[in-house]
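Below is one structure; the comments refer to it alone.
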Amino acid sequence: MEAAALLSPTATSRSPLPLLSTAPAAHRLHVLLPLSGRRRRLCLRSSPRPRGSLGCAGDCVVRSMGSSRERGVLVKTSSSSASVESATQEVGAASSGEWSGDAIRRRFLDFYAARGHKILPSSSLVPDDPTVFLTIAGMLQFKPIFLGKEPRRVPCATTSQKCIRTNDIENVGRTSRHQTFFEMLGNFSFGDYFKKEAITWAWELTTKEFGLPPERLWISVFQDDDEAFSIWHNEVGVPKERIKRLGEDDNFWTSGATGPCGPCSEIYYDFYPERGSSDADLGDDSRFIEFYNLVFMQYNKKDDGSLEPLKQKNIDTGMGLERMARILQKVPNNYETDLIFPIIEKAASMALVSYTTADDAMKTNLKIIGDHMRAVVYLISDGVIPSNIGRGYVVRRLIRRVVRTGRLIGIRGDGHGNSEGAFLPSLAEVAISLSTEIDPDVESRRKSILGELQREELRFVQTLERGEKLLDELLDEALSSAGNNGGKPCLSGKDVFLLYDTYGFPVEITAEIAGERGVIVDMKGFDMEMENQRKQSQAAHNVVKLSVGNETEIVKNRTPFYAESGGQVGDNGFLYVYGEEDAKQKAVIEINDVQKSLGNIFVHKGTIKQGSVEVGKEIDAAVDAKLRQGAKAHHTATHLLQSALKSIIGSETSQAGSLVAFDRLRFDFNFHRPLSEEELMKIESLVNQWVSSATHLETKVMDLQDAKNAGAIAMFGEKYGEQVRVVEVPGVSMELCGGTHVSNTAEIRGFKIISEQGIASGVRRIEAVAGDAFVEYVCARDNYMRRLCSSLKVKAEDVNGRVETILEELRTTRNEVSSLRSKIAVLKAASLANKATTIDNTRVVVENMGDVDADGLKSAAEYLVDTLEDPAAVILGSSPGDGKVSLVAAFSPGVVKMGIQAGKFVGGIAKLCGGGGGGKPNFAQAGGRKPENLPGALEKARDEIVAAISSKSS
């Protein structure tokens, strides 16, 4: 069930630990290192080992992603795409209306499925590969199979893979083809077929299925690959003059610095075949676009750069969906396909511009927004949260580029009905609506995606506004200084560091703005400033002692604490550090979390509660036995719950996630509908039946295949070693699991389902309690019911009926109160009719109605406009309480005929009260959150309505 079940050299686990009291386990404190703020990390070890074998400071290393090429696509400066727009793209019988992006994706997958390929889902943008930062190609999920480290699950497969590449981010929007997010359609063979089938199928798909004219297609092959050349020419029939031999930089593909690789062959589309073939250059972006790459994966690139043959020859292909859509939809660039353009159109409407008539600079900015919004939506959906490190910084950088670009072209969130001032959520809504066939999970994560984007945007806007003013001054100074000296304007590294360190202004944004104004940035000077700060920080934090109140992270290479994994939370407890002279003098560290880090290192997070901690002291560890027992009860109950679900609703249901805490459990499972009350009762009853059976659990270590053959349940998508730990409740449950469990089901005491709900499309969640938490829950519910019965003066079985009666009485009373308030408001309005002023034969009433609520205000306005003779204009406001403002405007037909509309009028007035609103020409309502501004707003309303009527009358 959990990753902790792995028992292999690369992922070592442990058997469940016995219930622990405070039995000492002596270790010696060797290193004391600081963390930022008040949190400190203590690195401890229990046995000598070579220097440098334990990285206590928590540094992380990101390895090179390797080649910057996009599957053999030449990264060259693009020529203007204007000429491509005028090119006649004869794409067989296919029309752009016929070939939506979704249709292209489906046709590709169906084509290969009909030829024995298994259609597999896209893997996450966060790869399970330490050598790759983000998923950059469709083959990454198959890399262990290509390397022979895992057996193949199917002989061949086909996918549509989400990919992220940011190495060419500066080209996004400026060329016709560069993107940060794209889809790679691929077909893969794991020793099943090789070059001949890959080439002939690719040609059939391209010319027969997609209808591309053969005379517009060019081929590139690796310079030494005579076999591929022969297949293309002799068997497919491509003329020799349209087959180009290219070198290693262009036609030898690698997935990273190391890993599977091989020669490749690419298919190009020719926008201008009339130019002939004598001097054709496939690198000419104005004429050609590479859209399909066939990689003949036959080598493994090692750390030293050498190539070793793979055990079997494989095929890895990639067709850029956006590129094929560009060709089939007959548009001048990838951005104007139906995969991206809806986002661009939304951005253009928010900027109040037309993409069609926009200049090149505006179009470039809109393309950047369209591309980056897709990237951030899918990254956040896959769990990458904006931060200042690692993948989180990629998301943060992309978001910041969108925010700055949007503001540059005039987009403001508060101008589009969003009082918070964020515009990214509106753009993200469009990107999410386009995600259905790419990744169905994105829609289910809509709320968290929109929330994360709004928070990040609002944070950055504050940073942007603080830093932009200073940056403008520094750039003016640099330009002025260069003008006086006749040199090239340059922003110093010290100034760039000031913006970064003091104002939090991103370096890449500084460079971007400076570049737009023709100023270069001294990045070498900036790097020197950063290095100086790092050295000063190290010197200032040479901590050798921590005291009461300091938060710490204590690092050990072995521990009695269970570290969080597989859904089970880490143990809590205490660490004790004793004095050398007096053992009674000790420091007490309360541990509230334990995490497993790289290299089987365990990080104990906690707070010093007593004494102080110094380097060189011994340490004892004690796990909180009661909390451990709670986790054990909930973990075994989780296994029983999964078995009960399979028994009651069907064996096809499977685990989608879990949380095992000290006081509760949460189990996510794949199922297409809500569970009925009857099903939940049956599941709960069955689990409790197994609990009361007092069955002893059995644990054993087995070969992975033997465990599966025995019926052990494995977590889908989890990777296991050859040896796994199996936890079995005989006759009930058998799972691969490395967590802690009770020894007998009777220790669970009881099981109660708290809730069942949907959390995503096809995914349900059950929350439940067991053990002591079950007893506490049942007792608490019993006490609630006893008090409720006492308050309502009824028996438990009569509570429902009594509550329904009270609710009905409450509804009736509220309706009566609302009716009375409206009548009172009308009575107040009657006295205002006589106070109406006359402006050029139009009766006008603008008044503050005090604390009248919104419904009463509406009734009063309707009464007045009906009572006064036409033409009449009524504008009323009130402060009903809770910091709210209500506004209403009612105009008679005569006023509307003048061209004065209530809906447009009241919205502008509401802004003065910190709100907004609108409605029809004759009647509109609005609200706000600044009641102190109401008198001034009404005064302005009076002036504006008088001025409007006067201008229309004259």
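In case you wondered, yes, glycine gets a Cβ from its N, Cα and C as well.
What TrEMBL says about a protein is an automatic prediction, not a curated fact.
On a predicted model such as this, the values are computed, not experimentally measured, just so you know.
Sequence annotations record features per position, and here TrEMBL assigns domain 'Alanyl-transfer RNA synthetases family profile' to 99-780. According to TrEMBL, the Zn(2+) binding site annotation covers H635, H639, C737, H741. Among the features that TrEMBL reports, coiled coil is placed at 796-830.
A map of TrEMBL features onto the structure.
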residue	record	Cβ within 10 Å
H635	Zn(2+) binding site	27
H639	Zn(2+) binding site	27
C737	Zn(2+) binding site	31
H741	Zn(2+) binding site	24
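DSSP assigns C737 (Zn(2+) binding site) to coil in the three-state reduction, outside any helix or strand.
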